Each structure stands twice: as C-alpha cells, then as structure tokens.
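Structure first, then comments.
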Amino acid sequence: MAAAAECDVVMAATEPELLDDQEAKREAETFKEQGNAYYAKKDYNEAYNYYTKAIDMCPKNASYYGNRAATLMMLGRFREALGDAQQSVRLDDSFVRFKNANAVMEYEKIAETDFEKRDFRKVVFCMDRALEFAPACHRFKILKAECLAMLGRYPEAQSVASDILRMDSTNADALYVRGLCLYYEDCIEKAVQFFVQALRMAPDHEKACIACRNAKALKAKKEDGNKAFKEGNYKLAYELYTEALGIDPNNIKTNAKLYCNRGTVNSKLRKLDDAIEDCTNAVKLDDTYIKAYLRRAQCYMDTEQYEEAVRDYEKVYQTEKTKEHKQLLKNAQLELKKSKRKDYYKILGVDKNASEDEIKKAYRKRALMHHPDRHSGASAEVQKEEEKKFKEVGEAFTILSDPKKKTRYDSGQDLDEEGMNMGDFDPNNIFKAFFGGPGGFSFEASGPGNFFFQFG
C-alpha cells in the first residue's frame, strides 16, 4: 500500500509537467504558423519575431531554427542565419540545405574584394548567385545595381533600383543608384536631384556626396568651356575642357563629349593631329558617337589622310543614312581617288586656285630646272630622274593650262577615259612651243657645273 501511494505521488507530480510540455508545443506551432504567414507576405522582420517566439517555447525543434535561418537570409543577416542553420543541422541532419548561408557569405566576401579591384562583372556574377539564396536582400541588389551602372548597363541598374524604391521610397542607396545611372547617361541635372534626395535620407552617404560634388563640378566646367568656345576664346576653352576631363574618369559618356569638344577646339587652333587624337579618345569611350567620327573625318580630310576619312564617313553613313552623310562620303572617296593620281599642282608647285599666269610662270621655272640638256653632264641615274620630272612638268602644264582638261582633272575624272592618254606624250613639243620653237633656246656651259640660258 505504501508503494502504491508513493507511485501516486510521483504520477501526480509529473502529469502537470507533461501537460505544460504539450501546451508549449501547441503554442510554439501557433507562433511558427504566424511566422510562416508573415514570411509568405515577405514581412521578414515579423516572421523573424514569431519564429524566435517558437524557438523560445521549443528550443529543441530543428524546423524552427531552419525557418528562422531562411528568414535571416532574406534579411541579409547571413552570419546569424549560418548559426541557426548549423543548429538546425545539429538537431536534425535533414536540414543540411541551410548550409547555403555559408556559400552566400563567401559570395559576399568575393564580391567585396572584386569591387575594390573594379572587376564589376564578377561582382554582378557573385550577387546573382547570392540572390538565388536570398532574393529579397536589398544590400545585394544595390551592389549589383551599382556595378551594372559602372558597366554601362543602365536600364538593368535602373530596374533594380526602382524595384527597391517601390517597396521603400526612402532607401538612400537605391536613390543613389538611380542618380548614378542618370549621371553616367549625361543627364546631370536630374542626377543631382537624386543625389540630393539620397543625402536627405542619409546625410553621411559618402558615395552620394562624392557623386553629387563631381556632377556639379562637371556641369560647371563643361558649361564654362562651351561659353569660352562660343566667345572664340579657344585657349581658355581648351583648358576648361581639360580640367573637366580630370574630374571623373568613370563618366564615360560625358567624357566622350568633352574629348570631342576639345577636339573641335584643337581643330580651330589648327592643331589637327591633337584634334584627331581627341576624337579617337571620344570614340574609344563611345563607339556610337557620330559627332566625334564626323569631326575626326574632317580633320583627316584637312590633313589629306583620305583613306582614314573614307573609313570614318562609311561608319557614319552606315549608322545614319542621310543625304548629307552620303555626300560627305562621296567627297572623301573622290579625294581619295584623286590622291592616287599624279598631283599636277604639286609637280608645278602651285596652289589649286592658281591663275593662268601663275601656272605659266611655274611651268617656265620647272621646265628649265628639269630640262635634260641641263643635266647632260650628270650620271645616268640623275639624267633618267630629271628626264622623268621634265615629262611630268609638261603633262602638268598640258592639263592645267587647258580649262576643260583642268575641270575634268579637278572633278576626279579619269583623263585616259576622256581621250587624254599621257602615255605617248612628248614634253619637248610643249617646251619648244612655249619657248619659241627649234633653235629658240639652248643651254650653254660657262664653266664646270654652271649653265646659262640663251634665247635665239
């Protein structure tokens, strides 16, 4: 009887404990279900709170730690998530999937290193992998968006930032990224508005502060340079554009315009090689920049680099098939064709706008200079070269002294096709006709290597 009484006492003592344990499990399950509901609504902070309550009620339940680990990953709190994940695995090894928290932390670490190295493509890759495990993490989205902007993928970056701002219109990081995209697209005034708004939300936002300062400085320098150019102060304009180029090397689109502007200044200063270099830098930054190709092509034309000019005009015409661009290409092709023929103006040493009298005087001078009789005592090689030059001088005079032939030559027409084949040309006939016929002119020696001209 005594033993039975003792047993009753023990049972009486343990029954309330069993009831309390079952009540705790039921309450913990209620907290878990509430946490699941908030998780489904993407309210991860409230989900975290209810999962924590569930764990407090039943600290030996692996699923509660697993759920809270998933929530912490969504909140971007990966070290805490890893701790919960490890605890869930210790309690039940079927929760091994939550070891992904460790992988996410590794992606984040790699991304931070690569950002410092300016390897933005790799950062985007790492953030994409991390977001597969934590699709709601704003920090990862912002880092990805910033790198997309640095890579010039502005629509993608804008989309990511806009998605965040729809959920949180005061997110300073997202406002900064929106401004950054506009800044790099050369919409500087709008960019400044976003940077200022970001700084209102977070006055200590260092990146927004730097970007805002650079944007204002770029805008001011560029406008001052434009003003100096319009006023004809090309030296000052050159200095201002150069200063503007030193403000932010990452702003590709604005810097392309600055290089092109400085190239225009150099062309005005007749520093054509420098102008070509500036335009080349502009198209390296923006290979769709038509204005830079046109400016460089004109500089190539001015320096008689016709093949390069044709190449640039072809690029322009392929992009924008306008009548103006077609004519520019046609003109360059004509000059290229003309450049491959004998330059009769250069042979006579006259300008393309030379008068009839100037052409005659030039012929007289060059014909006497290269006449074979003058070089009869020279070596065979020299005699051959001078004879060739004498013939070219005669050809040049024949073409340039005849208005019709000169017009055809200037227009780039093929003279052989026009019945003016110069292959059988005899320069002596021109020389005799010019200097008065046979016996009307002779070279006589007055000593070793000296000649004087005698007219009959």
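Each residue's number is its place along the chain shown, starting with 1.
Backbone N, Cα and C atoms are what each Cβ position is placed from, and that goes for glycine too.
Taken from TrEMBL, the feature repeat 'TPR' covers 28-61, 172-205, 218-251, 290-323. According to TrEMBL, the domain 'J' annotation covers 343-413.
Using a cut-off of 8 Å between Cβ atoms, the repeat 'TPR' (218-251) and the repeat 'TPR' (290-323) share fewer than three residue pairs, counting only pairs 6 or more apart in sequence. Sequence-distant contacts of the repeat 'TPR' (172-205) (same chain, at least 6 residues past either end, Cβ-Cβ under 8 Å): 138-139, 142, 145-146, 149, 152, 154, 157-158, 160-162, 164-165, 211-212, 214-216, 218-219, 250-254, 257.
This prediction places the mean pLDDT of the repeat 'TPR' (290-323) at 96. Panel annotation: around the repeat 'TPR' (28-61), residues 67-68, 70-72, 74-75, 91, 136 of the same chain, lying at least six beyond its termini, place a Cβ under 8 Å from a Cβ of the stretch. With DSSP classes pooled into helix, strand and coil, the tally for the repeat 'TPR' (218-251) is 25 helix, 0 strand, 9 coil.
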